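Novice: Attaching a single structure in structure tokens format; questions to follow.
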Amino acid sequence: MTAPLDVSGTESSARPEAVLQGAGRQAIEGRSLGQIAWARLRRDKVAITGGVVIVLLIVVAVLAPVITNVVGGPPDKFNEELIDPTFSSPKGSGIFAGVSWEHPLGVEPVNGRDVFSRILYGARISLLIGFLATLVSVVLGVFFGVVAGYFGGWVDTLISRIMDVFLAFPLLLFAIALVGVVPDEAFGLSGNGLRLAVLVFIIGFFSWPYIGRIIRGQTLSLREREFVDAARSLGARSPYILFRELLPNLVAPIIVYSTLLIPTNILFEAALSFLGVGIERPTATWGKMLEQAVPFYSVAPLFVVVPGLAIFITVLAFNLLGDGLRDALDPRGTR
Amino acid sequence: MVAYIVRRVIGAVLLLAITTMVTFGIFFLVPRLAGQTTDQIAAQYVGRDPSPEEITLTKRRLGLDDPLVVQYGRFVKGLVAGTDYSYGPNTEFCPPPCFGYSFKYQRAVWPDLVDRFPVTLSLAVGAAAIWLVAGVAIGVLSALRKGTVFDRAAMITALAGVSLPIFFTGLLTLAFIRPEGVVFVPFTENPPAWAGNLLLPWVTLAFLFAAGYARLTRATMLETVGEDYIRTARAKGLPERTVIGKHALRATMTPTLTMFGLDLGLLLGGAVLTESTYSLPGLGKYAVDAIRQNDLPQILGVTTLAAFFIVVANLVVDLLYAVVDPRVRLG
């Protein structure tokens, strides 16, 4: 014997017409995954801050020649008159030695080049290599990840083992060795053009397994879904399923993990520059500025702080945006 | 268990073979693909501005014109059985494990590597100990106090930690904490001085990694405390300390160990940067100096050793896995 349904509660007092009226005033919208994600992301103040910083950085990097015309001057101009000849450090005392209206972030030890201009021009290298290298890793990672996850069997075993080996190895050591063995002229390129291409390729090549593993995992679960069966039963071939059915469903993880890979690659480039195997002099890079700062850390600490903070702020901004994107696009993700 | 160990050891040996091939390929195949002639390769084995006769002689001595397979065979033979190197008037036997012979400095590579090994080992072991303890502890505390000020502060610090380059934090500590710099004192000579000098490099290196472990431990811990067996343990009336310390913490060990195995390579990379920043005479500094001098045998030697180390360390991690997680032994 069941108790009679209590229909006198407050919930039922709302008439069906009222519900319909409410719906009528505010039309029901179908929202795409992208719109939902954007709505979530917009509420995430921290991620938005990261995104704003990134946009500012890109603008500043692109406009570097214009900005340095107003403040700082050309990045390679020597200002030896600002350098104390005995200590090779900027003239003046205290941590802000060398800072002036013309040189808002001070000047380099030894030759007195303007730090502010070099930071702006360094942003170009960092961002360029960060983005291009990530593009290389994403292309490689997505390709091998999808292939491994979709085909399975020995293909998967082989690719997975290669990814494991890659992830376990001291990549930085191999990368500096590789940059070292590439001759000054090769593949029809020379000078900094070649250096840039080599760095982009090496950094991208060593980072692809990070994204490859994630894409493989996602593909493994997507492969079992009904729409793949449906496509196959309609006669679709593997390439079609891979690129037209699976790839669009992988856009969210690709966006998230590319955003998180960019800062890793920027750090990688800075590390290579710091170790002296990056872009060659006199082009400014943040890593190389820190390398130059090593002998002067006690007499010119500002020259350590400024490029270091530039790297830190850039990398942190990408990490914050990437974390926010992950939460917005993939709510079941690691958190 | 025995089958598992045997399988892993065979895998490690195979990996070692592939590794030496890849390392060898980097130094002998890549330059050729990039269009370098054997003369240019030979030039990297002798001092600066070599004469053409010197180059021809070096080329013949090293057999650089032989097929790559033959050269690789010689390289492996040197590692296993030792090999002869002739420089100028003399010939020197390089005993196994022969990691090569630097013609620029006229000395074998292996004794140099042995000399520098304690520095890198001290750095890596100390840093790993600090980051494992600190990372797991902060992660557990964060998870237990989810949403509190401590949790938020710890997670923000962790995010900052993964965004800071080692060479920046290292230089900051040098500039503002220890302007006189650090020196390496062997542990056997003076343990307190050893630890005192290495403390800053340890903390610098550990900070980067501790952040990742704190985030990982926190996530795993939050997942674990929702499991049924934790509720059962609490329902049995076990003290909270036992529930967390014995039951929940055990579950975070497997992902931590996995991450540790993956991070060993990064650790060596971190050691390269840390040693360069603090001017510590370890293997990483040796590698960087060798690359700056373009001394191919030294670079090849140190990279091969690093690869060996990684393979062996991963084998140890795999075996530890079996101890921590009994399911692995059967799988």
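Placement of Cβ uses the backbone N, Cα and C atoms for every residue, glycine included.
The shown structure was predicted, so the numbers you read here are calculated from the model rather than taken from an experiment.
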Novice: Using TrEMBL as the reference, determine which range in A:1-21, A:64-84 is annotated region 'Disordered'.
Specialist: A:1-21
Novice: Below 8 angstroms Cβ to Cβ, which residues of this chain, lying six or more residues outside the transmembrane segment (A:163-182), approach it?
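Specialist: For the transmembrane segment (A:163-182), the nonlocal Cβ contacts are 144, 194, 198-199, 202-203, 206, 208-210, 212-213, 216, 268, 271-272, 275, 277-278.
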Novice: Please work out which recorded stretch in A:46-67, A:194-215, A:299-322 has the most C-beta pairs separated by under 8 angstroms from the transmembrane segment (A:254-279)?
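Specialist: The stretch I would name here is A:194-215.
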Novice: Among A:125-151, A:194-215, A:299-322, point out the range having the most Cβ pairs under 8 angstroms from the transmembrane segment (A:46-67).
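Specialist: Per the Cβ under 8 Å count, A:299-322.
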